[in-house]
Structures are given as structure tokens and as C-alpha cells.
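**Student:** Take a look at the following structure, please.
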Ligand SMILES: Nc1nc2c(ncn2[C@@H]2O[C@H](COP(=O)(O)OP(=O)(O)O)[C@@H](O)[C@H]2O)c(=O)[nH]1
Ligand SMILES: Nc1ncnc2c1ncn2[C@@H]1O[C@H](COP(=O)(O)OP(=O)(O)O)[C@@H](O)[C@H]1O
């Protein structure tokens, strides 16, 4: 069976990447696409569930997992650890399912180095003012956290050129449609590549 594709999605906090990925998953059959659940040492926000939004772990547990080489990638973001567990991703990709990683630019660099077949998408907000409004509108972070995330946004956005695709999340439905177009184009590319390989193999093996 063909391997699934790994999609990296990054954005400054509040740009709307989680909303876009969740909306995409609602429209794709479950067997086709999955989102990876990361481990983090940050505190749980109101409305978040352990095992659904993140696996919330203590710092010493996270460090133990690093020591055991359990992460495909991990990084420190906003003073907390975040990481993608190797086990979950590799097993799912092997079954032909596409997997989405909602990770920062540091994690994206580590994944690209290890898995050159991964495709990466950067989500931009339409303006700094709108990014600030969305962070506040989400109503889940303190003023101090919002100020830090706005300052970090510039650092995150400075890595936009490392990504294969850019999406501006101004009108949500348009941004979602862009995301679906990217996935359709990638699936077509993979299907064409497979057809070329199959044709070559049948010629090479012909007696
Ligand atoms: N490298 C890495 N970054 C992650 C991972 N999980 C989440 N992040 C990133 O950490 C940042 C903060 O995430 P979070 O605390 O959920 O805040 P939010 O993005 O504002 O909802 C975002 O840029 C995420 O993309 C992970 O497993 N690895
Ligand atoms: N295109 C959009 N227009 C207006 N609000 C949006 C749009 N996309 C997302 N939002 C809102 O912005 C806030 C931040 O979105 P979220 O998906 O949590 O961002 P991220 O995962 O990038 O931190 C949420 O309240 C979400 O409903």
C-alpha cells in the first residue's frame, strides 16, 4: 500500500491553523486524513481534552520521552515543550492515511530533514491587527500570554519562505478551499508519480 503524505501546517498563534485543520477533517472521510495529537508541557486551556487536543504531560515525563528518542521532532515554544511522537505517525502513514502536523517552524525544519516527502503549508493572518483580535477573541489566554504570542508571531512568520505553500486566512471559507486545493493537487501529483513508477517497473521486469 502507498504511504500517506505528511502535511506540516505552521502559523503564528491565532492565525487560524487549528480551525482550518479541524474544518478540513470534518469534510474528509476519517480513514483518509488524520491530525497528529502532540505531547506538550503547557497547561490545559478551558475546553481542551487530554488525548484529543494534546497529551498534556509533566516536564520530567517529556524529558524522559526525549531521552528514549520517542519524538520525531520536538521544540521549545513559549517556554513549553511540544513534540510529535514517532510511533503514532509512522504507523498511521504506513496504512496510507495522510497525517497533519500542527507544529512550529523549528519542528517543521526537523521533519523536512528526516522526511523529505513531507509537504508544508504556512498560514498567514491578513494583518497584525486581525491576528491580535483573533488571539483576544479566542478568550483563552491571559494578557501576558497574548503579548508574548504577538511578539513571537514575527519570528514565526519570518520562516514563511521555507514552506511549499502559503495560505492567507482572511475569509475562512476561501482559506479552507485553498487548503483543499493543495491536498487535491498533492494527491494528483502522488498518483501520477505512482503511475510512472508502475509503468517503469513493468517495463524493467518484462522478459
Ligand atoms: N514543534 C512542535 N510545535 C508544536 C507541536 N504542537 C504544537 N506546536 C506549536 O506550538 C505553538 C503553540 O501551540 P498552542 O499552545 O496550542 O497555541 P495555539 O497555536 O495558539 O493554539 C504553535 O505554533 C503550534 O503549532 C509539536 O508537536 N511540535
Ligand atoms: N478566517 C477567520 N476569520 C475570523 N476568525 C477566525 C478565522 N480563522 C480563525 N478564526 C478565529 O481565530 C481564533 C484563532 O484561531 P485558531 O484556529 O485557534 O488559531 P491557531 O490554531 O493558529 O492558534 C479562533 O477564535 C478562531 O475561531
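Cβ coordinates come from backbone N, Cα and C, glycine included.
Okay, so TrEMBL annotates it like this:
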type    : residues                       : note
DOMAIN  : 4-184                          : domain 'Guanylate kinase-like'
BINDING : 11, 12, 13, 14, 15, 16, 17, 18 : ATP binding site
**Student:** Quick check: with 11, 12, 13, 14, 15, 16, 17, 18 left out, which same-chain residues have Cβ atoms within 8 Å of the centroid of the ATP site Cβ atoms?
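**Tutor:** Not counting the recorded site residues, we get 123, 125, 131, 134, 169.
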**Student:** Do you know which of the binding-site residues 12, 13, 15 end up with C-beta under 6 Å from ligand 1?
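**Tutor:** Only 13 qualify.
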**Student:** What are the non-local neighbours of residue 16 (ATP binding site), defined as same-chain residues 6+ apart in sequence with CB under 8 A from its CB?
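**Tutor:** Long-range Cβ contacts: 123, 125, 134, 169, 172, 175.
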